[in-house]
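S.K.: Below is one structure. I have some questions about it.
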Amino acid sequence: MSVKYIATSKLPTPWGVFAMHGFEETATGKEHVALTFGQLDPTEPMLGRIHSECLTGDALFSLRCDCGFQLQAAMQSIAEQGQGFLLYLRQEGRGIGLLNKIRAYELQDAGANTVEANERLGFEADMRKYDMILPMLTQIGVTKVKLMTNNPRKVMAMQNMGIEVAERIPLQVGKNRYNESYLKTKSTELGHMMSEYHFHDE
């Protein structure tokens, strides 16, 4: 995939000042962002996360998923580490888009789980692609990662591109009564690696 680097600016956040790097897919015009913190070292594994856009969770504070909680936890961990990165990929609704995601939520309100809802709309359970990762990481100077994720597909995608995943760090935050069924489906049907933390009351 051809991805064009556009520009870099400062991004002040509650956890510190990140650098925000803009990218554009040349074939589609789709825009993605890389956040970096501190001085990245291409010879060492960098703490990082690959985060797919979730307007409802990231910006509207939805409790239906754990996305917003994961985004904030990842940014805080990177800042506390003193260096790291976060790739923010514009793949709303596991790749089906915002309006289709709302349609899927409507089906979930009627009893479907997150996978069933996507499939009833004619989509695969997870439509996301990760081809844009390699040129983005190359631009910011990352070749080895300590990846914050519960999703084995992200680990496999990076390894298939020749990026060394030195460690997978679980990111288990944000469980609540509205998303417990969703989290169980991600574990049982999408293969996400989660501990019993998600499935028992604290």
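Here the Cβ of each residue, glycine as well, is placed from N, Cα and C on the backbone.
Below are the features I grabbed from Swiss-Prot:
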type	residues	note
BINDING	Arg49, Ile50, His51, Ser52, Glu53, Gln70, Glu92, Gly93, Arg94, Thr114, Thr149, Lys154	GTP binding site
BINDING	Cys54, Cys65, Cys67	Zn(2+) binding site
ACT_SITE	Asp126	active site, proton acceptor
ACT_SITE	Arg128	active site, nucleophile
S.K.: Quick one: of the recorded positions Cys65, Cys67, Asp126, Arg128, which has its CA closest to the CA of Glu53 (GTP binding site)?
M.R.: Cys67
S.K.: Which residues of the same chain, at least 6 positions away in sequence, have a Cβ lying under 8 Å from the Cβ of Cys54 (Zn(2+) binding site)?
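M.R.: When sequence neighbours closer than 6 are ignored, Cys54 (Zn(2+) binding site) has Ser62, Cys65, Cys67, Gly68, Leu71, Glu92, Gly93 within Cβ distance under 8 Å.
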S.K.: Can you figure out which of Arg49, His51, Arg94, Thr149 (the binding-site residues) comes closest in space to Asp126 (active site, proton acceptor), comparing Cα atoms?
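M.R.: Comparing Cα positions, the candidate nearest Asp126 (active site, proton acceptor) turns out to be Arg94.
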S.K.: What does the structure give for the C-alpha distance between Arg49 (GTP binding site) and Arg128 (active site, nucleophile)? Integer Å is fine.
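M.R.: Taking the Cα atoms only, Arg49 (GTP binding site) lies 15 Å from Arg128 (active site, nucleophile).
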S.K.: For Thr149 (GTP binding site), which residues of its chain lie six or more apart in sequence with Cβ-Cβ distance below 8 Å?
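M.R.: The list for Thr149 (GTP binding site) reads Arg49, Ile50, Val155, Arg168, Ile169, Leu171, given in order along the sequence.
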S.K.: Measuring Cα to Cα, how many Å separate the residue listed as 'active site, nucleophile' from Arg94 (GTP binding site)?
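M.R.: Pair distance, Cα basis, whole Å: 6 Å.
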S.K.: Going by DSSP, is Cys54 (Zn(2+) binding site) sitting in a helix, a strand, or coil?
M.R.: coil
S.K.: Can you give me the same-chain residues 6 or more apart in sequence from Arg94 (GTP binding site) with a CB-CB distance under 8 Å?
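M.R.: Correct list: Ser52, Asn118, Ala125, Asp126, Met127, Arg128.
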S.K.: Around the Zn(2+) site formed by Cys54, Cys65, Cys67, list the extra residues of the same chain whose Cβ is within 8 Å of the site's Cβ centroid.
M.R.: Thr56, Gly57, Asp58, Ser62, Arg64, Asp66, Gly68, Gln70, Leu71
S.K.: Record lists Arg49, Ile50, His51, Ser52, Glu53, Gln70, Glu92, Gly93, Arg94, Thr114, Thr149, Lys154 as binding GTP; longest Cα-Cα distance in Å?
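M.R.: With Arg49, Ile50, His51, Ser52, Glu53, Gln70, Glu92, Gly93, Arg94, Thr114, Thr149, Lys154 as the binding residues for GTP, the largest Cα distance is 23 Å.
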S.K.: Applying a 10 Å Cβ distance cut-off over all chains shown, what neighbour count does Cys65 (Zn(2+) binding site) have?
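M.R.: Within a 10 Å radius of the Cβ of Cys65 (Zn(2+) binding site) lie 19 other Cβ atoms.
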S.K.: Inside 10 Å of the Cβ of His51 (GTP binding site), count up the other Cβ atoms and send me the figure.
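M.R.: Its Cβ has 23 other Cβ atoms within 10 Å.
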S.K.: Count the other Cβ atoms sitting within 10 Å of the Cβ of Glu53 (GTP binding site), across every protein chain shown.
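M.R.: That number is 19.
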